[in-house]
Amino acid sequence: MDGFAPADAVTSNAAARAGPPLGLLAELTHRCPLQCPYCSNPLTLLKAADELDTRGWRSAFEQAADLGVLQVHLSGGEPTLRADLDDFVAALSARGVYTNLITAGVTQTRERVARLADCGLDHVQLSLQALDAEMSDRIGNYTGSLARKLDVARWVREAGLPLTLNAPTHRHNIGQAAALIELALELDADRLEIAHVQYYGWAAKNRAALVPDYDAVLEEAAIVGEARERLKGLLNIDYVTPDTYAQFPKPCMGGWAKDVITITPSGKVLPCHAAEILPLPFDTVRDKPLAEIWYDGAAFNRFRGDEWMKEPCRSCPRKAVDFGGCRCQAFALTGDAEATDPACSLSPHHGLMAGFAEASAAAPPPFVYRRIGRT
Ligand code: SF4
Ligand code: FES
C-alpha cells in the first residue's frame with residue numbers, strides 16, 4: 001500500500017473544522033439469517049461472544065446523544081437478533097433521538113414489531129432481495145424469505161411506523177424496478193431505495209455474478225425517472241446507480257467523517273461501514289470517549305477536508321461535490337486510499353470499470369454465499 005502520510009501531517013486543521021455527527025450507524029451484530037453474495041460487512045465477521053455488551057452499547061448511545069447525534073440507524077447483520085434491541089430503542093427515544101431499524105425482516109414477528117413501536121421506534125427500513133419467491137430465496141440463501149418480508153412490511157404499517165423498502169440491485173433483479181415501485185405503493189411505503197450494490201469486501205468475490213448489463217441499467221434509469229415525476233408527494237424513490245458505468249463517483253458518506261459515525265459490533269468506531277479495510281488506526285468505545293474519537297481520532301481526521309487529495313482531485317472543481325469519491329473503493333481497487341476513486345472518468349484507473357463491465361456479457365458464475373466463519 002502506498003500513498004500514506006502520517007495522519008496528523010495532512011489534515012492538521014480538520015478536527016477544528018468538524019461539526020458534530022448527525023447520524024450514527026450502530027452495527028449491533030454481524031449475525032444474520034441471510035447469506036447475500038453482496039454482503040457489505042467485513043470479510044471477517046465477529047462472533048456473538050465478542051460483541052459489545054448491553055452496557056457498552058447503552059454507554060455508546062448516551063455518548064452519541066450528548067455529542068449531538070440526531071438519528072441512530074440500528075443495523076447489522078440482523079439487529080433484531082439482539083434481545084436488548086428494545087431497551088436500546090427505548091433509551092434512545094427517551095433522549096429524543098430518532099431511531100431507524102434496518103432489518104432483513106425474516107426473523108421478525110408481529111409481536112416484536114408492535115413491541116418495538118411501543119418502545120418508541122420511529123422508522124423501519126426493510127430489505128427486499130427480489131420480487132419473485134425463488135429468486136429472493138436464491139439471493140439470500142433462505143427459504144420462504146419473500147413471504148416473510150411482505151408480512152413484516154404489513155406489520156410495520158399496522159404498527160403505525162413509516163416504512164422504507166430497500167432493494168439492493170444487480171443483474172439478477174434489475175428488471176424488477178417497475179414491479180418494485182408498484183409494490184412500494186401497495187405496501188404504503190414512504191420511500192423506496194433502488195440501490196446498486198458496491199463491489200468491495202465480500203461483493204468483490206461475486207462481481208462477475210452480479211454486475212449488470214449497461215442497457216439494463218439505462219432501461220431501469222428511465223423507469224425510475226418516469227416514476228419519480230409521476231409519484232411526487234406519494235413515494236420518494238432513491239436511486240443509486242452502479243459505479244461500473246459512472247462518469248463521476250458518488251459523494252460517499254457525504255464526505256469522510258463529515259456527518260456520520262459508525263460503530264461496529266465489537267465497538268470499533270469508523271467513519272464509514274467499510275473503513276476497516278483501510279490501514280488506519282481505529283479506536284474503540286471500549287477504550288476512548290466517542291467525542292474524542294470523532295473530533296481527534298487519527299482515522300477520522302485522515303481524510304477530512306481536501307488537503308489530503310492528489311491530482312486530479314486536488315485541482316478539480318467537483319471536489320466539493322463528490323470529495324474524490326469513496327476511500328474504501330479507491331483503496332480496494334488501487335491499493336492507495338488517497339487515489340481518486342476509479343469510478344471517476346478522470347481517474348487513471350478508470351479502465352478497471354470497463355473490465356468489470358465485460359463480465360456482464362458472460363453467463364453469471366454461481367454465488368459465493370456469505371457465512372459467518374467463512375473468509
Ligand atoms: Fe471527483 Fe476527483 Fe473525479 Fe474531480 S477528479 S470528479 S474531485 S473524483
Ligand atoms: Fe468507506 Fe466509501 S465506503 S469511504
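Every residue gets a Cβ built from N, Cα and C, even glycine.
Here TrEMBL flags CYS32, CYS36, CYS39 as [4Fe-4S] cluster binding site. For 18-235, the entry in TrEMBL reads domain 'Radical SAM core'.
Recorded features from TrEMBL, shown on the structure.
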residue: CYS32; record: [4Fe-4S] cluster binding site; Cβ within 10 Å: 23
residue: CYS36; record: [4Fe-4S] cluster binding site; Cβ within 10 Å: 23
residue: CYS39; record: [4Fe-4S] cluster binding site; Cβ within 10 Å: 23
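Following the DSSP three-state reduction, the secondary structure of CYS39 ([4Fe-4S] cluster binding site) is coil.
For the [4Fe-4S] cluster site, the Cβ centre of CYS32, CYS36, CYS39 serves as reference, and the other residues of the chain with Cβ at most 8 Å from it are LEU34, GLN35, TYR38, SER40, ASN41, GLY77, ALA104, GLY140, TRP202, ARG370.
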